[in-house]
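Noted in TrEMBL for the protein shown:
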type	residues	note
REGION	1-25	region 'Disordered'
COMPBIAS	12-24	compositional bias 'Pro residues'
TRANSMEM	31-52	transmembrane segment
DOMAIN	53-295	domain 'Rhodopsin'
TRANSMEM	73-93	transmembrane segment
TRANSMEM	113-134	transmembrane segment
TRANSMEM	146-167	transmembrane segment
TRANSMEM	195-218	transmembrane segment
TRANSMEM	230-248	transmembrane segment
Amino acid sequence: MDPTAGSAPQSFGPPDPSLIPSPPTDAAKQVAHAFAGISVTLNVISFLVFGGRIWTRSVPVFRLAWDDYAISVAYVLVLANSILLLLTVPYAFGSDPNSMTLQDVINGNKYAVISQPMWAWSMAAIKISVAGMLMRVEQEKPWRRFLWAMVAVQVVLCIYNTIIQAVQCIPLEAAWDLLGLITDAECISKDAIRISSICVSSVNVATDIIFALLPINFLRKVQRPLRERIIIGILMGLGIFASVASMIKAAAAANFGRTDDPNAEGISIGTWSCIEEQIGFIAACIPCLRSPFQKLLARWGIVTTQNGGTKPTAASGYGGMYGGGSARRGTRDHTTANGDVVRLESMRDATSNSEENILAEIGDIKSQVIWRTTEVRLEEHDRAMDSPNYIQKREDYHVV
């Protein structure tokens, strides 16, 4: 008699992905190492320019504004996004690629899915910060309305991107379920996701180009030599490289899943996303690093200098640069023909010597009025005590 006769069929549980080997291909390893090197390098540069921006906006006078807070939020998101993407390629940092299992691949897909909304919000925060910075130097209402419209576009775009990523699969865990263990999941088709990705990338490319070209309009009004304005425009136009990276990423996303190595494809898309994000962030911070770049350009003989320093702009004496600020007191003595001493005490904006940003705040001359207030105090002392007549004069300049 068969001992197994009449017994219940033996059941097996779901396969354990941690026991299934899944080493990356040579192409995936090559792309992963390139991505790790690029990401770490750009993160170091981003940290330096961000730290320089916050420093120049805080010293000697604390002048952080809402665009600085927006770029601070962007930096946190950029850093978090970079960490998540680097976690998808642990073998790029010394781990044995041959020890990779399917569970590692699943975890990498999960990190990539979670990072996508962070990327969307970081890009929005970067461009919102750029718009806020441009509003500080542009007072014309049509331009300000256009910049606010660009801010609204960024908010709508990142909200849409977040919703698409959140509902691509219900439940969301099915998006990285490579074994198909979640049988009742409802997911958006790959073609729909591909079309959505192309549309989002197209808008990103357009806005990258717009924000990269907008400073050209403002540079026309800056009182600086043409050669210096060209260099400044190039520095501020680094966003063009972000748009190029976005184009390459869009092309890679459109072809995703059409090769036999989706792992390498995903890493390539993540690499270009990182480049787009980091270059945009760096380009947003560079305009605030006025003094270091001017000193560097002066050392190369590209910009003009005067009295050992950078030639001041026309706006620096009347309200300073990049959005006003606190005033500081300066004193100067002058001896008249009859031997009297006249002491001139003036109030100047602290930002006239601030190591802050490349562009001076020019504003709309038609919409601003310069008020000059002069206070004169005469004090007469006894000549026998060799005390000269003392005249104190204070000049305040107010831009309203």
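Placed from the backbone N, Cα and C atoms, the Cβ positions cover glycine too.
Those TrEMBL annotations? Automatic predictions, nothing curated.
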Residues of the parent chain within Cβ reach of the transmembrane segment (195-218), under 8 Å, 6 or more residues beyond its termini: 120, 123, 127, 130-131, 134, 137-138, 143, 150, 153-154, 157, 160-161, 164, 232-233, 236-240, 242-243, 246-247, 249-250, 253-254, 276, 280, 283, 287, 359, 362
Average pLDDT across the domain 'Rhodopsin' (53-295), rounded to a whole number: 85
Residue distribution over DSSP helix, strand and coil in the compositional bias 'Pro residues' (12-24): 3 helix, 1 strand, 9 coil
Tertiary contacts of the transmembrane segment (73-93) (same chain, 6+ residues out, Cβ under 8 Å): 24, 29, 32-33, 35-36, 39, 43, 46, 50, 100, 104, 107-109, 111-112, 114-115, 118-119, 121-122, 125-126, 129, 266-267, 270, 273-274, 277-278, 281, 284
